[in-house]
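What follows is a single structure, written as structure tokens, with notes after it.
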Amino acid sequence: MATIISRIGHSELSDLYNRRIKKNIEQGTVQICGDIDECDIEYNGGCVHECNNIPGNYRCTCHDGFNLACDGHNCLDVDECVFNNGGCQYTCVNTMGSYECSCKEGFFLSDNQHTCIHRSVEGLSCMNKEHGCAHICKETPKGGVACECRPGFELAKNQRGCILTCNHGNGGCQHTCEDMEQGPICRCHVRYTLHPDGRSCVERDETTTESSDHNATSFTEVDKRVKRRLLMENCAVNNGGCDSTCKDTSTGVRCSCPVGFTLQPDGKTCKDINECELHNGGCDHFCRNTIGSFECNCWKGFKLLTDERSCQDIDECYFERTCGHTCVNSPGGFECVCNKGYTLYGLAHCGDINECSVNNGGCEQGCENTMGGFECHCHPGYKLHWNKKDCIEAEGFPATKPPSKPTLNCSRQEGGDRCYLTCQAQVHITSGTEDSYTVTCGMPLPCLAGAQRNGSGSYCLGPEMSSVLRIKTTATFKSGTGMCNLKRSQERLKESLNAAHSDSRSPFTENVQFSYVRLRCSSSGPRMQSRHGRKAGYEEEGSAITAEFELDVNLEEVTAESCDLGCVRRRSEKRLRKTIRTLRKSIHREQFHLHFAGSNYELAKRLARPVDLPEHCGKGQVLVDRKCVSCTVGTYYDRDQGRCVLCPAGMYQDEEGKNSCEVCPGSEVRGSPRSVGARNISECGGQCPPGQFSHDGFLPCLPCPLGTYQPEVGRTSCFHCGGNLVTKHNGAVSFQECETKVQCSPGHYYNTSTHRCIRCPMGTYQMEFGQNYCISCPGNTTTDFDGSTNIMQCKNRHCGGEMGDFTGYIESPNYPGNYPANIECTWTINPPPKRRILIVVPEIFLPIEDECGDYLVMRKSSLSNSVTTYETCQTYERPIAFTSRSKRLWIQFKSNEGNSGKGFQVPYVTYDEDYQELIEDIVRDGRLYASENHQEILKDKKLMKALFDVLAHPQNFFNYTAQESREMFPKSFIRFLRSKVLRFLRP
């Protein structure tokens, strides 16, 4: 039989079966059972909102703003205010089927219907509290106002008020809503009666209703009720008494419950299951029970995956600007680490440490701070000791002093000219080392009183500087596709210059000593090259360097016979132009370096690009995980073994990427063995410990005498307490052991001349008791007031952000650290034509204790009565999204001298105005903010970057695969957006 069936095709069997059934129907031997549409009988199937027929059954569903009751038919209002205050900034008022946000006195709701804006009393614009619009006020081109209503409302005949319709929260009705001219009318299902409030519905009491009927019919009605009860055991009548699903069986009805409910002992009622009680609902972190379901949430620093159960660590290091230097991700958090010579401030930024402000850097004589380090200098007749801090007498010749003027050296090597600007003195960084900065070397020569400027303004010549002739010029250079970032190079300057000297074929093509150099590096993001051109494209990211040079004319070249002063000046200007041409080529090829403290610094950090795997690593590097990694300090690269090896005993290495180690100074002392893997001279061993000294810094040592102290190892002398102060004993290791007249508290230092405690001046701090110095704030930071006690009080006053035509962000100064006092920042967003602005405020931290002394406001212009989109002066940890009420935005942040806070980082995107209706529908819907998981999406920088990317350039949607799109967002968020998009696209 099986063989016969296998030989007959499936389609032939199907046709044969259908013909047999058709024949039986024609003969009347087969009866067909058809599905009953319960939604057409029994008053909408007993559903108070929507009834959906399904084969053999039906299902009730509710409108937005309602949840299905346990009986499976009635709909109950959802109190949106319970969850996250409905996303309202101030007060949330629950209504039937919806909710409303309200503001405190003196404020009114913004267009997003969740945040509040301060009312103005000036002018006749929408900012005037008497504008008369019930909902949304828009300014007209002629200067008047026009009123609009929120979705679900209609504008009244007076063009000011708004009339509720059934499209908003079911018109405030629990069951049925019907639009009338005067507004919605509420009605109830036949099994319910209207409550006196005119909106709610209560179940009818059949006993009370029937007892009021006439006696002549009471027995008939009772008989009908008995029959009806006898027929209750049938799913066709009152759903068999089941709360949810009813199924007819041979023994009667069988009730069952939907997923998320369990059937009670009475066999009829359904009760919600608390899924969180069993295995935490399958949630990785938090489980929150809801009616008929549950919701998983994650700890801070984690995000919910698309399975809506699992939690994944957020990689905060995904964004380059998370940390100033190095970002180290960890589960649920991250840590910012700074390079050597820099320290952390503002939680994420790195600033140069001014080592010279701490006990003169430990230098016996002179101390000069440099970027990422410092250098000790000695007076004439002395030279630096091997510890690079003490000064010893030079034998027979004065100590050489490094050149004080900035020097430019260029040499022709493979790939073109390579230039180095060496700055040994008067080096200043006048803005941060991220995105943009300014470096100055040397001393500018301003025009003094009585001096005259030549016609072109290029040099000064006057009675007070008759012997000085200086040429000034400015040039701008384009530096490849790199962002401004002073980055230490792996290559030492000395080795590079020696290589240039040793090769006779590559002598110095330029060797110029300037008197003053100012370099300003500024980064630029990708921008449109043309808005109207036929082939509009994007410029690549990169950096531009603006250089100012001051060059003294060598008056020794002046001769009375052949070349006078003007002739020498013209020669100098010609040589300077040639030097700038050489420098331009060097910068364009990214072959230009700065030199501070014996190290090279690159001006720009190249953008990450995919590269081929290296076959061979460079000098002092080893291949690790398919990447070339430099050997760390304390090690060197062994060519024979092909790996990094610890420096042997008696040797040290204080730099990365070296092929050998340096010999430790001094001879080995018995009882003090040399250590392996020494990272600096101090770790070589055999040196004088703190509180002791010797003629060469090595054992044997003497204790510091009374009145002196020494906090470091390997020193040849001790520091004096000063002011005739003495120590309690010999061998003191810090100034705190000097017996001062009074002990100074943190935020102060001891003045040995006046023997009083002085408050640390602004820009410095002191954390310890009893110190004789204050520490300078790192980088370009300063303190709000004097007497600071912690580095966290050092703040950058630069107003942060990146302003682009399509995307960008603004951030408070020093973010994510606390912003400074008495700061004022302004930004302007001016999008291209036919584009509107969407802003997301993930969170904002402004202290409310000082009565709105610190505030952030976004409005059309700087005028106080112009149309305001957003305004706040308090902490608001719940995210909010909104569209700008004006085509352009003027943004101001201002703080007073009171309390401070973390501030904000606010991203924005400009989008095609054709999507205005869709975007506003999304950001005004409270469901966007009611779910904690939706809130986390608005705080996730990676997800928001993807959303903004598609909003700014819709064609970029195709850059993300379908799998990537599904894996980015939770299903609930996709469902929320899908309904909005389908409604917008529906013709």
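Quick reminder: no glycine exception, Cβ is built from N, Cα and C everywhere.
TrEMBL entries are annotated by machine, without manual review.
Per TrEMBL, domain 'EGF-like' is recorded for 77-113, 313-351. Taken from TrEMBL, the feature disulfide bond applies to Cys317-Cys327. The domain 'CUB' annotation in TrEMBL covers 799-911.
Counting only same-chain residues at least 6 apart in sequence, those with a Cβ under 8 Å from the Cβ of Cys317 (disulfide bond) are Cys323, Cys327, Val328, Asn329, Phe334.
Predicted-model confidence for the domain 'EGF-like' (77-113) is 83, expressed as mean pLDDT. The DSSP breakdown of the domain 'EGF-like' (77-113), given as helix, strand and coil counts, is 7 helix, 14 strand, 16 coil. Assigned with DSSP, the residues of the domain 'CUB' (799-911) fall into helix, strand and coil as follows: 0 helix, 53 strand, 60 coil. Counted within 10 Å of its Cβ, the other Cβ atoms near Cys327 (disulfide bond) come to 19, all protein chains included.
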